Amino acid sequence: MEVCYQLPVLPLDRPVPKHVLSRRGAISFSSNSYFFGGPAPRQLAKRRGAISYDSENQTALYIRMLGDVRVRSQVGFEPEPRGSHPYLYVDFRTLHSRPQSAGPVSARNVRRLLSFQRYLHSSRFIRGIPASNPLGYLLDDDYTGQAKLMLEKVGNWNFDMFLFDRLTNGNSLVNLTFHLFNSYGLIELFQLDMVKLRRFLVMIQEDYRSQNPYHNAVHAADVTQAMYCYLQEPKLAETMTSCDLLLGLLAAATHDLDHPGVNQPFLIKTNHYLAALYKNSSVLENHHWKSAVGLLRESALLSHLPTEDRLNMEERLGSLILATDISRQNNYLSEFRAHLDKRDLCLTNGGHRHFILQIALKCADICNPCRPWKLSKLWSEKVTEEFFHQGDIERKHHLEVTPFCDRQSNSVANIQIGFMTYVVEPLFVEWSRFSDTRLSQTMMGHLSLNKQGWKEGRDKQEASTSRASEEQRTSAAKDSNSKELPQGSKRS
């Protein structure tokens, strides 16, 4: 087997060698004649994307998103020959990037330095080592103090994740998830190594693409906070086990891990290798799950648990993440509605608890329209920006433009009204039947107000556009009627 910086191997029943876990490089094929590669092995070893592929059963063993994918034969590098769309060679990591002004120090290097300093500061704090710079410590402590005040109200549905992300210097997912693990006592219950946990959370945060307007680490932190709110609901708080809580928070934090900023139909119609690996079925969700398991194994966070327990947790984690596939929304909704009609949900049953966790994660993933208007509007604008950017790329490459990604025929208001009406509202109506609490009433109230807000905004915009068009037509008609013929001209 020819290996180029091989990575952790899935499926989940195979042990991972230690020398594999220590590498974060390129791509391997179980074949002697071909294997995926990049411009050069040394350069490729520095990249975060990766894939391990079994050519016998055509299954993805481990994968991380990479752009500019090529196949290297024995005679050298050559383009992928299987009819892949040219867009395949565009690096997904720069999909939503904006041009930056040139300077002596690149923005990427600055981010790396800040990330290292944050990690170093947190490591020293964990080990009880005081900071060497008193002034810097005071400044950091000031921001940390404000963030801690916010975390005291982390169960509040009005929690502003954008503000929390600013207060934590872009570290919202790490700080929030670590705090929730600690508040639930999961670190002690599962005997988790605090340094390994911190490293695992940092890797998760880094593997979200900050260039994405919507599918980034802030969205993951927001979903994790919403999941915590649902786990605090009486029916769940009284029945969920510590393992359920651990998996629920992990699934929320990793549910969109390494999202490329485009949807599944885009990957399918561009013949992207992810679509082929997962046979056009829950492509992104499978990728998020496999990436999460890869980071779990690389960090060795759960390595002290019995193998059977660890593999079972990885499978259950996948089941939760796969439930966020929006194309399967109706299946889960029908099953949820049937349980509620029959009143046969019994949360002492492990299978029923897991199903409710799936529903809770689905609700958390699409709960933005149920937030207060100020937060909901901002999330709506961000997700629509990402949609429209995909539509622009599709038009540029002469692909069929995804309907809700077409900025020429859609508006933020129309997209949000449709999303609320056909996706969000049906799910949250059933959730309110299951958990008729103050939180459910609050969410449904916000949903109704936000929907009305988008409708009023749309109507005002349409009325304004109509008036402008009418004035333009009236002005053109007056100009036409008052137009005089030049002197000396003759009518024919």
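Any Cβ shown, glycine's included, is placed from N, Cα and C.
Among the features that TrEMBL reports, AMP binding site is placed at H215, N216, A217, V218, H219, D256, D365, Q416. Around the Cβ of D256 (AMP binding site), 25 further Cβ atoms fall within 10 Å across all displayed protein chains.
Under the heading Zn(2+) 1 binding site, TrEMBL lists H219, H255, D256, D365.
What TrEMBL records for 453-473 is compositional bias 'Basic and acidic residues'.
Here TrEMBL flags 139-461 as domain 'PDEase'.
When the neighbouring Cβ atoms lying within 10 Å are counted for each of the binding-site residues (H215, H255), the highest count belongs to H255. Model confidence over the domain 'PDEase' (139-461) is summarised by a mean pLDDT of 95. Its Cβ placed at the centre, V218 (AMP binding site) has 23 other Cβ atoms within 10 Å. Taking CA atoms as the reference points, Q416 (AMP binding site) and H255 (Zn(2+) 1 binding site) are 22 Å apart. Counted over every protein chain shown, other Cβ atoms within 10 Å are most numerous around Q416 among the binding-site residues N216, H219, Q416. Other Cβ atoms within 10 Å of the Cβ of D365 (AMP binding site), summed over all protein chains shown, number 22. Using a 10 Å radius centred on the Cβ of A217 (AMP binding site) and all shown protein chains, the other Cβ atoms total 24. Per DSSP, the secondary structure of the compositional bias 'Basic and acidic residues' (453-473) breaks down as 21 helix, 0 strand, 0 coil.
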